[in-house]
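Trainee: Dumping what TrEMBL says about this protein:
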DOMAIN    48-349  domain 'Plant heme peroxidase family profile'
SITE      R85  site 'Transition state stabilizer'
ACT_SITE  H89  active site, proton acceptor
BINDING   T217, D277  Ca(2+) 2 binding site
Amino acid sequence: MVLTSTINTYNNVIAYKQKEVMSSKRVTWLSLTWVLVFSCLSVELEAQLQVGFYRTSCGLAEFIVKDEVRKGFIRDRGVAPGLVRMHFHDCFVRGCDGSVLFDSTPSNTAEKDSPANNPSLRGFEVIDSAKARLEAVCKGVVSCADIVAFAARDSVEITGGLGYDVPAGRRDGRISLASEASTNLPPPTFTVNQLTQFFSNKGLTQDEMVTLSGAHTIGRSHCSSFSNRLYNFNGTSGQDPTLDPQYAASLKTQCPQGSTNPNLVVPMNPSSPSITDEGYYVDVLRNRGLFTSDQTLLTDTTTATQVRQNAGNPFLWKNKFASAMVKMGQLGVLIGEAGEIRANCRVINS
């Protein structure tokens, strides 16, 4: 009886151990399965856009774009901020598909002629020059959308920002509508809550919104984009009380009330308008943010903290900016057989 009991106990232990081993194997198998799933997803994501995408098909692609940005910047320093802005405006409307480059036709008003883009966008001639050179050496290979992404990176770098690798492989879209630009680009009157929601809708975080706002450290703005802060704030006859009085007085000199000149412009960051630095955040802290959408960053505890951090640590901001540009550059991209590779960035292929 004792022997029988011992044998039964032994068998039970063996059975339990076998179940334990099988359970462990199932857990291990499930773990391996999930690892494989995530690995496949990672490979798929990486396959969408790739750093060095043109390494074998058009090895000089990025060099040619960089060279055209350099030449454009020598002619006009405003080209660099224009190209950064162009990339942002391209990606926020239909994704980064080069649709911002289309010219309008008698039957369609394109994105570039939307009030949100015209006359503020600049640098189209740089894209045209780069595309012409690329078509001469690698016909039908490099997309206009990728040229815009490369040119934005090169513009950041040439103005003192950090260079960064640009994943490429975007294809060009075939549709460009001015009406979509008006509804997909944040106006300069937005509040911090509106900006946060707007960027969230595009898959970007609040921190990335604050980071990308720093692009306003270079470039210029037309007076019409902020004159309401000077003369008719919230329907009153006064100026925005959050605007530094001395700065407001300077802006009024440059943008007289009632002026009908559409070409009046002022630098976004007067102290260093052609340098990608922390000056934008320093200005915001001094109540010298040009747009409502700039100064509003101080009205929220979290975004105000980010403004102070960026102002005090320019290297940190430049790194964050490079990462945010890469992420933004992957919004809504066309890959594989979608879209086309335009021969002329201004028109759809015939």
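Glycine too: its Cβ is placed from the backbone N, Cα and C atoms.
Remember, it's a predicted structure, so these values are computed and weren't measured experimentally.
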Trainee: Looking at Cβ-Cβ distances, which residues of the chain lie under 8 angstroms from T217 (Ca(2+) 2 binding site) while being 6 or more apart from it?
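Mentor: When sequence neighbours closer than 6 are ignored, T217 (Ca(2+) 2 binding site) has M268, N269, S272, I275, T276, D277, E278, G279, Y280, Y281 within Cβ distance under 8 Å.
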Trainee: Using a Cβ-Cβ cut-off under 8 angstroms and a sequence gap of six or more, which residues of the chain neighbour R85 (site 'Transition state stabilizer')?
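Mentor: Expected: S120, L121, R122, A215, G219.
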Trainee: So what pLDDT does the domain 'Plant heme peroxidase family profile' (48-349) average out to?
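Mentor: It averages 97.
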Trainee: For the residue listed as 'active site, proton acceptor', which residues in the same chain are close in space, meaning a Cβ under 8 Å from its Cβ, but six or more apart along the sequence?
Mentor: V100, E111, A116, N117, L121, A181, L185
Trainee: For D277 (Ca(2+) 2 binding site), which of the three DSSP-derived states applies: helix, strand, or coil?
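Mentor: In the DSSP reduction, D277 (Ca(2+) 2 binding site) maps to coil.
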Trainee: Could you tell me which three-state DSSP class H89 (active site, proton acceptor) falls into?
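Mentor: H89 (active site, proton acceptor) sits in a helix per DSSP.
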Trainee: At a 10 Å cut-off from the C-beta of D277 (Ca(2+) 2 binding site), count the other C-beta atoms across all protein chains.
Mentor: 19
